[in-house]
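Taken from TrEMBL as is:
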- 29-182: domain '3-hydroxyacyl-CoA dehydrogenase NAD binding' (DOMAIN)
- G34, G35, G36, L37, M38, G39, D57, E122, K127, S149, N173, K275: NAD(+) binding site (BINDING)
- S73, K80, S149: CoA binding site (BINDING)
- H170: site 'Important for catalytic activity' (SITE)
- 186-283: domain '3-hydroxyacyl-CoA dehydrogenase C-terminal' (DOMAIN)
Amino acid sequence: MAFVTRQFVRSVSSSSTASASAKKIIVKHVTVIGGGLMGAGIAQVAGTTGHTVVLVDQTEDILAKSKKGIEESLRKVAKKKFAENPKAGDEFVEKTLSSISTSTDAASVVHSTDLVVEAIVENLKVKSELFKRLDKFASEHTIFASNTSSLQITNIANATMRQDRFAGLHFFNPVPLMKLVEDTPGFIVNRLLVPYLMEAVRLYERGDSSKEDIDTAMKLGAGYPMGPFELLDYVGLDTVKFIMDGWYEMDAKNPLFQPIPSLNELVAENKLGKKTGEGYYKYK
């Protein structure tokens, strides 16, 4: 998160249209919209790096689950990081948790934040509507960022009046463990990864191989920690479908972006992967 802060200071300072206050911005207060795995992970990382964080979602139940997940993740980190000093580990967990609060009202908290990071559903219309609304309440100096993995940042930013203070920050899951954050156009990883995942599904749909054999082949032959079907279920089939639908809409002739029948069918049945208990595989 410290790296992200430096990036923002540098990029905003270079903008000739940014206001004087924006040019001097130092990110201390962060608002994360979306309490899912990504949003909770981003909130955790921001909290551990000295930022004051507000995590926002639609219901208190979602936020309670998010906060519980953050605490469990922090305790795993502390157990490893402070193996010889458990007391220091407990202090680390408590200090981080104390810096993270929650809210169900995004508009009421963005007025006092330096950075808003959105981590909600991968849908242009939904993201645009969110930022358009928040733009009316956020301070002039506040920087907006989207965790989108596939949508064009310009298209999202155009819903606001702060295009010079809008960025893409694509974190990777699990956020506390993954070191890469993409903040340049292109989103290289997903542009390579998603077509690979879809080609694995096409192999399966054609009957060329079983899901299990494809996963085993990529783990043993390519050294990947997870096979493509395992990864699809981990990421969430709805998220992958949103990405594919968006790419298909932009370039319907591209063979890499053609609809995937089994993916569409599973999403329609609400079999979204590990988070619902079933996707390409079944989970207990």
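Backbone N, Cα and C atoms are what each Cβ position is placed from, and that goes for glycine too.
Caution: TrEMBL annotation is automatic and unverified by curators.
Distance between Cα atoms for S73 (CoA binding site) and M38 (NAD(+) binding site): 13 Å, as a whole number. Listed recorded positions near S149 (CoA binding site): H170 (candidates M38, D57, H170; Cα-Cα distance within 10 Å). Taking H, G and I as helix, E and B as strand and the rest as coil, DSSP gives the domain '3-hydroxyacyl-CoA dehydrogenase C-terminal' (186-283) the counts 65 helix, 3 strand, 30 coil.
Reported as a whole number, the C-alpha separation between K127 (NAD(+) binding site) and K80 (CoA binding site) equals 37 Å.
The sparsest Cβ neighbourhood within 10 Å, among the listed binding-site residues (G34, G36), is found at G36. Using Cα positions, the member of the binding-site residues G34, G36, D57, N173 nearest to K80 (CoA binding site) is identified as N173. Residue density at S73 (CoA binding site): 19 other Cβ atoms are found within 10 A of its Cβ, drawing on all protein chains shown.
The highest number of surrounding Cβ atoms within 10 Å, among the binding-site residues S149, N173, is found at S149. Recorded residues G34 (NAD(+) binding site) and H170 (site 'Important for catalytic activity') have their alpha carbons 14 Å apart, per Cα-Cα distance. Taking the C-alpha positions, the distance from H170 (site 'Important for catalytic activity') to M38 (NAD(+) binding site) comes to 10 Å.
Residues S73, K80, S149, recorded as contacting CoA, have a largest CA-CA distance of 30 Å.
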